[in-house]
Amino acid sequence: MSKWQCVVCGLIYDEAQGWPEDGIAAGTKWQDVPEDWVCPDCGVGKADFEMIEIA
Amino acid sequence: MSSKPLVIVGTGLAGYNLAREWRKLDSSTPLLLISADDGRSYSKPMLSTGFAKNKQADELVMADVGAMAEQLNAEIRTHTPVTRIEPDAKRLWLGAEAIDYRDLVLALGADPIALDIPGDAADHVYAINDLEDYARFRAAIDGKQRVLLMGAGLIGCEFANDLTSGGLQVSVVAPCDQVMPGLIQPQAAEAVQHALQALGVAFHLGPVVSRLSRDGAALRAELSDGTVLACDAVVSAVGLRPRTQLAAAAGLTLGRGIAVDRQLQSSAAHIYALGDCAEVAGLNLQYVMPLMSCARALAKTLAGEPTAVSYGPMPVVVKTPACPLVVSPPPAGSAGQWSVEGEAPDLRILCKDASGALLGFNLTGGCVSERMALNKSLPAVLA
């Protein structure tokens, strides 16, 4: 499981948690998140997320 | 002799994201960024979620100026106002220092509209428009409790939610009969207002603050309907005005912002603009999503591949966790019929044209999760 961070606003998508509010189940890999999913904090798309190291 | 630099004025989301996108395409042309502030990289949307997360200004910083300079292979001048532009000479002035540019990008942002309020306490009115403002307000409210918030627009509602969640006592004063007038339908406004009230926000919709005076260590606000409120600080969130003074003095064409075409080109050759300061093909949209679209298109243009910006559907996520809200306003001038489904706080409010095609929506509460599905049917904002 990896974490991805929005380079625009810093929001973190954690694959282990998914994003249940948008119907993305816990454990959903980043590659399987729908292409049109947008950052809930700042509204940018998947292309503006980058992988970050897990602490 | 080294080549002339690309110069970007402004190190907010527009300036830094353009620089980042452009550096992906051009790693060698010199890049100079000029900032009126300290050049730290942060995300402006975080300014209206910082109290609930109990974040100090320093904790919102994503990279300091040194790290940005290295990452972007750029020179970054901080606390440096640009005093003048000479478009014909492709030159700008920092006081007495002249800089020749290859291309110039204005990413200046917008200024908070300042209301002139009678009384002796104008210096206790805070607008929270950048990281330094945020730091100042946090320091001012430290150990205090009562905030009078002027404005019930999108940012006003976000601050009302955030400050209350952060433990402050908030009264909203705004001369309108619903929250976010002009942006959302009355039913959605009611749902948001109700949720904010349940959180503890007091609303005074209708009047304005007609006088603000010192009252011992506190402040006394007189409203135009006769109400008197005691508070410790005032936050003004009554709107932003694109920063156009520099462009105006250089003779550039203005609209509601620095007027640029779909290649982000102003009326002067080699001068471009994007972000909150720009009116792009007639649209001044002060949101992150259009800004990012512009940054990507302009990066290509500046790297030698002229590219027009286009905007797809761009719903706005309003950060009011008490009642989540996503808004996609129908295109200006479109004739649509609104319908309301669901029960507050979970509302699906849709705007459709005569043929039943979706033009826009307001989704609240649990219905916000439908936005992705609905986006597919929305018209593009700038096709």
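Quick reminder: no glycine exception, Cβ is built from N, Cα and C everywhere.
Database features, via TrEMBL:
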- A:Cys6, A:Cys9, A:Cys39, A:Cys42: Fe cation binding site (BINDING)
- A:1-52: domain 'Rubredoxin-like' (DOMAIN)
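Per DSSP, the domain 'Rubredoxin-like' (A:1-52) is made up of 9 helix, 15 strand, 28 coil. Other Cβ atoms within 10 Å of the Cβ of A:Cys6 (Fe cation binding site), summed over all protein chains shown, number 22. Along the domain 'Rubredoxin-like' (A:1-52), the predicted structure has mean pLDDT 84. Listed in sequence order, A:Cys6, A:Val8, A:Cys9, A:Leu11, A:Gly45, A:Asp48, A:Phe49 are the same-chain residues at least 6 apart in sequence whose CB falls under 8 Å from the CB of A:Cys39 (Fe cation binding site).
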